[in-house]
């Protein structure tokens, strides 16, 4: 499913009945959130608010409101095909030379996709059709949503932040929320371990007192946005990965005021800088946990230039207690994670991040257990292998006879195969999401692993329970007379209804 930019993608959605245009005036203050929330919970379409109250710029919401649309954004027809994206990423993380002619033939599609990795640099681009600078820069003219009643101010949610550390060729792309505090100022809420924050720290060390260049793309194409939230190998840029997903090279253009490269077809680009030491209190905001988070200090992003397309569209979302758009993204990206984990840990059968667990705070893993202590090794692997699971507080490991996506199965395994003292692993003083107010210290807390597997010799000295199995011959005999019994059919055999 190929597309060029966000507008091209919206046209595809509209053809499939996946986009609804809202012509009635709707207020970005709370009203858009209410409509988007109801629509998402009903599995409804993406929403294009064409007449935001008080603004002339349309607002796009709920773009990734269903797993199907996430898959479409990644160039796939359905969610099941995302496993192929995961296999490609697993291959790129640890590429292996072909083992023979047949293996070479099997890997040709992967090698062909790699041809779309290099970016294409343009001299002029749609995102620079209009250029605003100086006093003309006014962020309040953008219909930035305020999502919840006690939010501190309007909040940019889908800003694709572009940074580059000193002496680095590769740029970093990250999604960081940004609080509006003035006509040309935003607060950049990036956590200390994120790529943008690390680039800034390195810049401050290498260039004391100098301004740090930053650009933010709003309304980039879906593949580029999704590339910024996917476990891309460190050797692969997000732009290159977006090209793989889209099937065409990512087009970029150099910014007007700095050397950063942004998506050429983005709807809006904010260019500016962060002054070292310029901090401001951010929040509170309702977030994906379903609570308002605490106030904390983060760097101030000063916007010097706004470039945009003619008739630009502002792309936004809201976050709240699941289900919300990040939770839906988590459900879809779960399918990408599975092959990557299986490449490193072949014993993993399935991996599931329940959306009600805020998408990443709890994981259920099923394995083909091979030795005593195996479950604990897998726990440690999940916590350490991908940085996306750095904040996963709970890891439950079960045998492969358990369906990781069925709570009835998982709870049965926990309550029948676990001894709390023996089979619970607690790890203290580990990195924790700064939004997790339950941790004793901001950004630092504990993790729990639950070994809900059958226990092997060395893990127990007792005779282990044997699962009850039905007699297949009896089951077959009852299957043959079940309709005639008419137990669940209002007393009438199937043939008489």
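The backbone N, Cα and C atoms fix where each Cβ goes, glycine too.
Keep in mind that this is a model prediction, so the values were computed, not measured.
Annotated active site, proton donor per Swiss-Prot: 287, in sequence order. Less than 8 angstroms from the CB of residue 287 (active site, proton donor) sit 293, 319, 320, 435, each of them six or more residues away in the same chain.
For residue 172 (Mn(2+) binding site), the number of other Cβ atoms no farther than 10 Å from its own Cβ, over all displayed protein chains, is 19. Per Swiss-Prot, Mn(2+) binding site is recorded for 172, 238.
The Cβ of residue 175 (prenylated FMN binding site) has 17 other Cβ atoms within 10 Å, all protein chains considered. Annotated prenylated FMN binding site per Swiss-Prot: 175, 176, 177, 189, 190, 191, 194, 195, in sequence order.
The Cβ of residue 191 (prenylated FMN binding site) has 17 neighbouring Cβ atoms from other residues within 10 Å, across all protein chains displayed. Largest Cα to Cα distance within the recorded prenylated FMN binders 175, 176, 177, 189, 190, 191, 194, 195: about 14 Å as a whole number.
Each of the binding-site residues 176, 190 was scored by how many other Cβ atoms lie within 10 Å of its Cβ, and the smallest score goes to 190.
Put simply, of the binding-site residues 175, 189, 190, 191, 194, the one whose Cα is nearest the Cα of residue 238 (Mn(2+) binding site) is 175. If you take the Cα of residue 191 (prenylated FMN binding site) and the Cα of residue 172 (Mn(2+) binding site), they are about 14 angstrom apart, rounded to a whole number. Note: residue 195 (prenylated FMN binding site) has non-local neighbours 163, 172, 173, 174, i.e. same-chain residues 6+ apart with C-beta under 8 A of its own C-beta. Its Cβ taken as reference, residue 238 (Mn(2+) binding site) is surrounded by 25 other Cβ atoms within 10 Å in the chains shown. Here the binding-site residues are 177, 194, and the one whose Cβ sees the fewest other Cβ atoms within 10 Å is 194.
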